[in-house]
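K.L.:
Sharing the feature lines straight out of TrEMBL:
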COMPBIAS  1-10  compositional bias 'Low complexity'
COMPBIAS  15-27  compositional bias 'Polar residues'
DOMAIN    65-208  domain 'AAA+ ATPase'
DOMAIN    334-419  domain 'AAA+ ATPase'
REGION    1-27  region 'Disordered'
Amino acid sequence: MESPSSSSSSGTGTGKVNNETENSNNEWKAEEAIGGNKAALEALRELITFPLLYSREAQKLGLKWPTGLLLYGPPGTGKTSLVRAVVRECGAHLTVISPHFVHRAHAGESERVLREAFSDALSHAVAGKPSVIFIDEIDALCHRRDSRREQDVRVASQLFALMDANKPSSTSSAQVVVIASTNRVDAIDPALRRSGRFDAEIEVTTPTEEERLQILKLYTRKLHLDHNVDLHAIAASCNGYVGADLEALCREATISALNSWDTSEAGGVQLTMDDWKHAKSVVGPSITRGVTTEVPKVSWEDIGGLKDLKKKLQQAVEWPIKHSAAFARMGISPIRGVLLHGPPGCSKTTLAKAAANAAQASFFSLSGAELYSMYVGEGEALLRNTFQRARLAAPSIIFFDEADVVAAKRLGWRFTICCC
């Protein structure tokens, strides 16, 4: 994710695409504005700078450099910020193409916008400057053929033709690099993902705990933090937060500090742990919105009795998360599923929530009523979506309430969908 920074940009004469030229600064590195995403950073650097750095070697080997890279991942993970940071580091010319700039009312205008963008980028490449075309939300331009209109087919065909024509030779370093981003990689036309167009695909996923700490340090480097503020603890508690969520978290914490600041106090605004706790109660992970439930502050002490059962749940759920290093060192595979059974009202749901709260895990709750729909395939889609979001927000707990409704025993001709 990119920290706030200024960059110079100027619109084109047509106002249909954005052209930006970054001034090269040998001392500035993308890591000064980006936290984590090392694999994507290195892939972008290779794609943009290698054709210039190793042009002679490429001529000797007859090597033709790849010209396309697809970045995919959930919204807010910093795909656009990655491209801008590496372009700034390399001093390259950047042409940004957005779907709302390309789609036009009259036939042929959308294709003309694409041709002008590629032509302008090529002119900078011929002049000896690295040139990058960045297509944001490419799934809106080239979605799957079974759901396209006639205009969409023309735009996609024009883009295919332009990318196929963008073939550098081994004797020339002048080339245009095409980078695209999407939140829905499966919605893109498969023809766009073949070798020769987008030769590589890099997933930009949710940051790890260490990457979240790097991002928090970037956003708080100009803030005055109280000595009790522990960024390591904050990063550890932000499972599933992407870069945009962490930016919003820092902004909300700063606003909270401003609201409680006494102007008569010396030293300026100071952020305390209370400000961060308030911000976390307001800003949650965006990838879990829509399917996750708010976990009540339920602790093991709030549940009377059931001592042996609580101990088993701690061993099965809490220990593998809190002591993951020890489990890995001893080669112990954690339990993947736990079945709680008993009569109604014996605290099965409360126990699951207490386990999630104790383990500081994201909590996803599904019931049989949610999985059954009048439309074919909706229940299966909800299951896939929930598991996908749970992986992104890991460590996570998926709780199936009334599992007997979802995966009942097959009797005669009756059967249900088995979630296994």
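Backbone N, Cα and C atoms are what each Cβ position is placed from, and that goes for glycine too.
Since the structure is predicted, the reported quantities are computational estimates derived from the model, not experimental observations.
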K.L.:
Need one number: mean pLDDT over the domain 'AAA+ ATPase' (65-208).
P.N.:
85
K.L.:
In the domain 'AAA+ ATPase' (334-419), how many residues does DSSP assign to helix, to strand and to coil?
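P.N.:
Taking each residue of the domain 'AAA+ ATPase' (334-419) in turn, the totals are 35 helix, 14 strand, 37 coil.
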K.L.:
With DSSP helix as H/G/I and strand as E/B, how many residues of the domain 'AAA+ ATPase' (65-208) fall in helix, strand and coil?
P.N.:
63 helix, 28 strand, 53 coil
